[in-house]
Amino acid sequence: MNTTPYLEIKEEVYQALKENRPIVALESTIISHGMPYPQNVEVAKNVEETIRERGAVPATIAIIDGKMKVGLSKEELEFMATSKNILKASRMDLPVILAKGFNAATTVAATMIIAELAGIKVFVTGGIGGVHRNAQETFDISADLQELAKTNVAVISAGPKAILDLQLTKEYLETFGVPVIGYQTDELPCFFSRESGINVPYRVETPKEIASIMKTKWDLGLQGGIFIANPIPKEYSLDFEEIDKTIENAIEEAKKRKIKGKELTPFLLSKINELTKGESLKANIELVYNNAQLGAEIAKEFNILS
């Protein structure tokens, strides 16, 4: 497999790989499609700093001029946050975007692929994609789920995005053999909310336990990732029933406007932020910081074991 012409690893990340230090991968869709400017670039920088403060090296992943970048400079972060010509890349898009020299933010799926190519095993995001509501009619299921089934990277998030069908997303992951693990919780968190009423199959209390599960899974040759659900801190959690009603209203609006596919999630997140008068964006920012802290601790523990 020849990835050299396509992969560009930032010096800080390259040195950490060489010296076998803990590294945490970060996606870029949250920067270009998930939050408005200037919050997006501020959050990206703060997340990287949070990871550094906890003794790991951040590696924000994006595609710039057809190169898979593992670790971004300040200028590149700013470019991803402000440019209007940033595509959204999942697994199916990578060959086209690289071959044509385009710029793209990486989804959970694409970030997992690039992280694994670079040798990074821990990845932090806000929320994963999953089975959309009414997927039995639309067949709208995120490629993130298949990636979790096939790519050896542990993903830390605040649960599936709240706009999804959480029960079906959990069922899908279980069908494809992806361990779904609640960090200090028995319930699958619902992104903006700690509660969902849906139980997780396994609960763990420490980053060390998670690192041990990762090592055991891959020692056994069991292909695929691990999904770690880390609830948003209590003080920032939104009421589950209220946010669910807001989401239903946003989905109705999307249907009226015939918004589908890749455009749907950014539209819904933006509409929900508008309807909650900015509360959902605040929650989104805090849950990402919380996930970054946990991700750094898991990366350090996994580093000791491996």
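Think of each number as a place in line: the chain as shown, counted from 1.
Note that Cβ sites are derived from N, Cα and C of the backbone, with glycine treated the same way.
Taken from Swiss-Prot, the feature active site, proton donor covers Glu27. The annotation substrate binding site is assigned in Swiss-Prot to Lys88, Val108, Ser142, Ala143, Asp144. For Asp140, the entry in Swiss-Prot reads Mn(2+) binding site. Look at Swiss-Prot and you will find Lys161 tagged as active site, nucleophile, backed by sequence analysis.
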Quick check for the class: what is the C-alpha distance, in angstrom and rounded, between Val108 (substrate binding site) and Asp140 (Mn(2+) binding site)?
16
Cβ within 8 Å of the substrate site centroid (Lys88, Val108, Ser142, Ala143, Asp144 excluded): which residues?
Ser90, Thr107, Ala109, Ala110, Ile128, Gly129, Glu147
Substrate site residues Lys88, Val108, Ser142, Ala143, Asp144: biggest Cα-Cα distance, Å?
13
Those binding-site residues listed as Val108, Ala143, and which of them has the most Cβ atoms within 10 Å of its own Cβ:
Val108
Where does Asp144 (substrate binding site) sit in DSSP terms: helix, strand, or coil?
helix
Recorded positions (Glu27, Asp144), the one with most neighbouring Cβ atoms at 10 Å:
Asp144
Given a separation of at least six residues and a C-beta threshold under 8 Å, show me what packs close to Asp140 (Mn(2+) binding site) in the same chain.
Val131, His132, Asn134, Lys260, Gly261, Leu264
May I ask which of the recorded positions Ser142, Asp144, Lys161 is closest to the residue listed as 'active site, proton donor' if we compare their C-alpha atoms?
Asp144
